[in-house]
Each structure stands twice: as structure tokens, then as C-alpha cells.
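Database features, via Swiss-Prot:
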ACT_SITE  63  active site, phosphoserine intermediate
BINDING   13, 63, 440, 441  Mn(2+) 2 binding site
BINDING   124, 154, 155, 186, 192, 258, 259, 260, 261, 332  substrate binding site
BINDING   399, 403, 459  Mn(2+) 1 binding site
């Protein structure tokens, strides 16, 4: 590969492979470029869920986990698995952070406010982690606990909150330490695109008890919203029972383990230079506990601190003096940077980053192309500049539009991506470059669930494609997993993968006399 003929690793977020074309937006879409490649270019399928990506067996993959494994080239035990193991082996109940906080609150006679996504989804949180916290509070005879619950409907069926509430009420019967004081859809509480108009009413509910509506219990509220065609994700910030807002001296515990959708709400409490909206009140908290580290610049007390990773793909490229570009639209920018670098905030030498703003629409089925065309233009300019040896880019459409459950819009998103891929390859071909295409997890290939008779808005456990365009190389294995991508990419560059990368090299140069 010549000095400035770029190698592009294109990650099609949420583009899984499913032989069944029923409810499959990828199969339904008109994709002439993809179809041509699938017939003529070397490709295999990669596992992107469960144990091969450090998750519990059969747990669907997700963007954070996918990008970490693509970048790391080894299996990383995910925070979800770490916390599950800690619960099972008793270490969770002995966690020093939890004990310190509860002991302090008992002394000061203040309250603990536990907030997070009440969901069995296992993508951003898991309700079992909340239940373990309730058991610990009960064990320590601490009963001043208020729950502020965010509803899912995105990594779970759109109307599934009542099932989770039933489980929670069973736990509260066993461990009567807490009351449910508010509910709110994740659309508001877990925004990650600086749409502060969504987050502000959540903050006002938590800190002042302000809410358009108040209900005696969460079930009554949810039935009301369902009757008005509002599913879990979109339930507005709602007060439940008596108002118990967060006061000076209280502690907050955010039990989500995934960082990207926890940062904004956390910053409303902790960021000294916060400018998202005017905060009418700012409680002086004794602690703000986060299950994991959300951001090194947000000084939370972290229950499960990060485990550092060395020699990720970005670091190896940098140490070999190669220039790299990371490019994505807002929705997936953290994934091709922070998560791809193993949860490391720092930027490597010769690593550049470009973020293309995601469109400001309520849901992405209203604009299925999202910012793919703008991203493509920027990507082509970067290829033509010949400034980069490696470009790592993410197209968000299959995932973000797939999450809406809107089949036709997702088909449009896939067709838009096919056009973008064709344009990117044209530019690469003109510059003598190579293209690797893969995905972080599935989504758009399964858009309806016959089991729930609802739109399938969550990720899937299907494998993802791994396709090589550029000639001269072939795959040596019939299947692999996400951890094999980094070693294979390094092989294309003539670099020996470091020993930390336990993934396999799946590509081999064609021999002249084959």
C-alpha cells in the first residue's frame, strides 16, 4: 500500500445479517452496490453478540461493545458482565463505594436517590443491578431511598415497562426500602445530542418535583400514557406519589453502566461550567455515584472504575507513525473515538477527528438519510486529500432508524447507505485505496417481533458482515468475530498485531501463482 492510498474501515451501525428476509429492511431495500459486492468480493460473517464480545451468553450486541471490540482486537469483559459477576460472587454487596455512601446518609439522616433505566435490556443498564442495590440497602437497614425510573421501549419492546414494574414491585415487597417517586422515558432522560430541551424537564422533576402530571403510582401513569398512544421511550417526566425531590446533603446513584447516554444528565448536577439551560436550583450533593466512569471530567464517585486497555488499533497505528481519521455523525461520534480507543479519552498522535452534526429531528424515521450525505462528502474530501493512511468511519442510519421500528423509513435509510458506499468506493478506487466494511451489531435486519406482536426496535444477536473491497486479498476463515477485525486490518497494512490482540488475522494476500 503506497503512503497515501487510504484504507477505510467503514462500520455500518446496526447492519446485521439475517437469511430470513421477512421483516428484514436490508433484504427489502434496493442495494445494487451492496449486492454486487456480496456476489463478487471476499466476505464472511462475524459474531457480534454474547461471549465473543465479552457479554453474557446470547446477550445482543450493542454499539459501545461492538466498537470496543473492533478497536481492541481482544475479548474485553464488559461492565455488564463485570457487575453481574460481582452480584453473583458477593463482591457487589461488599462494594466499598456503596457502603461509604449509605453509612454517610445514615449519619446525616439524608436520602439516597437511585436513578437509571429500568430495563432487562442489558444495553445501558439492567434492572437486576437495581434489585441488588435494594437488597444491599435492606441488608444495611437503610430505608430512605427514592427511585427515579427511566423507561426503555428501545432496547426492549415499545410497551414493556409494566413487566419490569411487576418485577420491581416483587423486589420491593422483599426489600421494602424504597418508593417510586418519578418515571420518565429515556427519550428525555438519556439524550446524548445536547438537546437540552429534553433534559431540562427531567432535571426540574428531579430537583424541584416539577411535572405536568402526577399519578398515585407508576402503573396508573403508564396505563394513562399507553391509552394516549405514548410508549415507554416517550413517557414525559412524571411525578409519582408524594414529591421527594433531591435536596442538599442527599446522594444520587445513577445505576446505568453505559456512559454515552448517562453523561448529559450527570453533567447537569456536576459540570461547573454547565450552560445547557438555566438551573433554578442546584442541590449540594454529598455524593454522586455512577455505576461506571461516565467521563473523566465528570467527577462522580465510581463504583466500578475502568480497566485500562493498551495497544488498541488506534494506538498501534499511531506508534507505527501512521495518520488516522475518525469520522461519524454526532450520534456515533463517541463510538469511533472514545469506545474505539478502549474507553480512553485521549487522542493519539496523528489521530484526527471529524464530527458531522446529526439532524435535529424528534425521531430519525422523519429523516432516514440522517447526515449520511454530508458525512460522505466529508469522507470523500478526506480520501482525496491523501492525508490519512487509515480512515475509520461510522454510518449510523441502519441502527438509529431501525430503533424507531418504522420499516419503510429503515428501508430508505439502507438505500441511502448503498448510494453513499458506492460514492466512497469510487473515491477510494481513484486514489488506489482499499475498503473494509463491517458492522458493530444487528438491528435493521429484524424489524418486527412475532413473539410480542410489536415492532422490533432493539438490537439483534445476528452475525454481521465483514467484506473486503480492493482486490489482491482473500479470507482464510469462513467465519470470525469482531475481535478479528483489528488484526486483519493491520495485516493489510503489513503490520504484525501486538500480543495483546488475541483476534485472528482473517485475510491473506493472493499468491501470484495460485
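Glycine is treated like the rest: Cβ placed from N, Cα and C.
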Filtered by Cβ under 8 Å and at least 6 apart in sequence, the residues in the chain of residue 13 (Mn(2+) 2 binding site) near it are 63, 332, 335, 394, 395, 396, 397, 398, 399, 400, 439, 440, 441, 443
Intrachain C-beta neighbours of residue 124 (substrate binding site), sequence separation six or more, cut-off 8 angstroms: 117, 155, 186, 190, 256, 257, 258, 261, 262
How many other Cβ atoms are found within 10 Å of the Cβ atom of residue 441 (Mn(2+) 2 binding site), counting all protein chains shown? 29
Can you tell which of the binding-site residues (155, 440) has the fewest other C-beta atoms within 10 angstroms of its C-beta? 155
Looking at the binding-site residues 192, 261, 459, which sits with the largest number of other Cβ atoms within 10 Å of its Cβ? 459
Reduce the DSSP letter at the residue listed as 'active site, phosphoserine intermediate' to three states and note it down. helix
Those same-chain residues, other than 13, 63, 440, 441, found with Cβ within 8 Å of the centroid of the Mn(2+) 2-site Cβ atoms are 11, 14, 48, 61, 62, 66, 67, 332, 335, 399, 439, 443, 459
Cβ-centroid neighbourhood (8 Å) of the Mn(2+) 1 site, 399, 403, 459 excluded: 13, 14, 62, 63, 154, 398, 400, 402, 441, 443, 444, 457, 458
List every residue in the same chain as residue 259 (substrate binding site), at least 6 positions away in sequence, whose Cβ is under 8 Å from its Cβ. 64, 292, 293, 294, 295, 334, 338, 343
